[in-house]
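Database features, via TrEMBL:
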ACT_SITE  His189  active site, proton acceptor
BINDING   Cys197, Cys200, Cys221, Cys224  Zn(2+) binding site
COMPBIAS  1-10  compositional bias 'Basic and acidic residues'
COMPBIAS  366-398  compositional bias 'Basic and acidic residues'
DOMAIN    59-338  domain 'Deacetylase sirtuin-type'
REGION    1-31  region 'Disordered'
REGION    365-398  region 'Disordered'
Amino acid sequence: MASKEDKNKDASGGSSSNNERPAEKPEPTENIMDRIANFFADKLHLSSTSEDDDTDGRQVLQSVDIPGVVSAFKAGKFKKIVTMVGAGISTSAGIPDFRSPSSGLYHNLQKFNLPYPEAIFELDYFRENPQPFFKLAKELYPGTFKPTPSHYFVKALQDKGLLLRHYTQNIDTLERIAGIDDEKLVEAHGTFYVNHCVDCNEEYSMEWAKKAIFADNVPTCTKCNGIVKPDIVFFGENLPERFYVLPHRDFKQCDLLIIMGTSLTVQPFASLVDYVSDHCVRLLINRDKVGKNSSGFLRSMIFGEGLCFDLPGNRRDVAYEGDCDEGCLHLADQFGFGDELREMVKNEHARIDLESGKCEASVDAEAEKEIGEEEASKEKLLKNDVKNEKSTKTNDKA
């Protein structure tokens with residue numbers, strides 16, 4: 001048994017003072033990276049759930065392709081579907097995406113004489129110069145566009161009781177117009193649907209704001225005279241609370257994740273693809289294969305590995321490369337509700353056109369009423385002028 005003296009000897013054979021601490025080994029770089037990754041993932045509420053998974057390496061699909069997904073769907077294996085979408089599902093409705101070289105939103109912002117395109121979505125610039133944003137808002141305002149087959153594909157999943165949640169980067173409210181329930185929606189980047197004063201936070205409806213915007217006015221708070229802004233997330237603003245709360249619940253349950261029309265480059269939205277279990281099938285419907293995290297070790301540690309198309313060992317990631325609407329219609333055909341989806345699109349578009357016609361007729365009637373009232377007022381003033389003139393002449397004669 002070692003003596004006290006032996007215990008106090010250092011590695012070189014000399015004695016060590018009780019007040020001295022032995023030199024600590026530097027922490028391995030891998031451990032530091034793990035701690036950094038876990039810190040950021042925890043702060044973003046996007047830490048991986050893989051530790052809860054039974055990662056036995058079993059094959060998730062019979063074949064890792066569209067037929068494999070179709071087979072699993074028909075076998076009833078997908079009961080809690082989560083959808084993640086971006087601007088690509090709305091472009092066929094006439095709404096531009098952000099980054100297309102000739103037709104994207106940023107390209108078309110040149111007419112507003114901005115210092116740089118992103119300024120239109122910066123709160124400081126907006127407070128000083130809100131007119132460019134509201135001119136753009138008038139062009140993009142909900143009610144001008146109709147949902148696409150991609151939107152109604154999600155609606156069909158909801159109607160069949162298969163949609164757990166719909167996460168969207170879009171601010172166009174087309175999901176709401178398509179009939180997707182509020183409870184099913186997570187509008188990650190905000191929405192036109194609700195508006196708030198940037199100074200006192202007073203809430204205003206979409207219709208209230210629309211009247212001001214379409215009259216080419218800046219919506220102004222009736223309480224404090226501050227600017228009223230749609231609840232669209234500007235650069236530097238927090239994402240909606242639902243985005244940070246619901247993924248913990250949804251992605252652990254998800255058995256099929258459908259990703260459509262997004263470049264998967266904007267964080268933290270893009271990292272949601274890694275929040276599902278290892279046995280959740282991930283289906284991308286997009287013009288290009290996106291979502292593979294190739295930006296370096298640390299970024300991969302923080303945000304996850306992303307999608308794993310064409311990689312050895314891929315057991316669950318499938319891509320449909322092409323137009324979102326075509327992909328949704330093709331899948332609906334394979335799933336067995338293609339005709340139903342086409343009929344839904346046809347009927348809903350007819351309903352929207354009818355309601356839009358009624359709305360336009362109502363606006364025209366209101367305009368005619370205002371014109372009529374204005375003409376009547378002018379006529380009354382004219383009669384009063386004539387009456388006053390006659391009265392003056394009578395007094396002059398007297």
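Cβ coordinates come from backbone N, Cα and C, glycine included.
Just so you know, TrEMBL annotations are computer predictions that nobody has curated.
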Env. residues of Zn(2+) site, Cβ within 8 Å of mean position of Cys197, Cys200, Cys221, Cys224 Cβ: Val198, Asp199, Asn201, Glu202, Thr222, Lys223, Asn225, Gly226, Val228
Which same-chain residues, if any, lie at least 6 apart from Cys197 (Zn(2+) binding site) yet have Cβ under 8 Å of it: Tyr204, Cys221, Lys223, Cys224, Gly226, Ile227, Val228, Lys229
Inter-residue C-alpha distance, Cys200 (Zn(2+) binding site) and the residue listed as 'active site, proton acceptor' (nearest angstrom): 21
Local Cβ density at Cys224 (Zn(2+) binding site) - other Cβ atoms counted within 10 Å: 12
Cys221 (Zn(2+) binding site): tally of other CB atoms within 10 A of its CB: 18
Listed in sequence order, residues with CB under 8 A of His189 (active site, proton acceptor) and six or more positions away: Thr168, Gln169, Asn170, Ile171, Ile232, Val233, Leu239, Phe269
Other CB atoms, at most 10 A from the CB of Cys200 (Zn(2+) binding site): 12
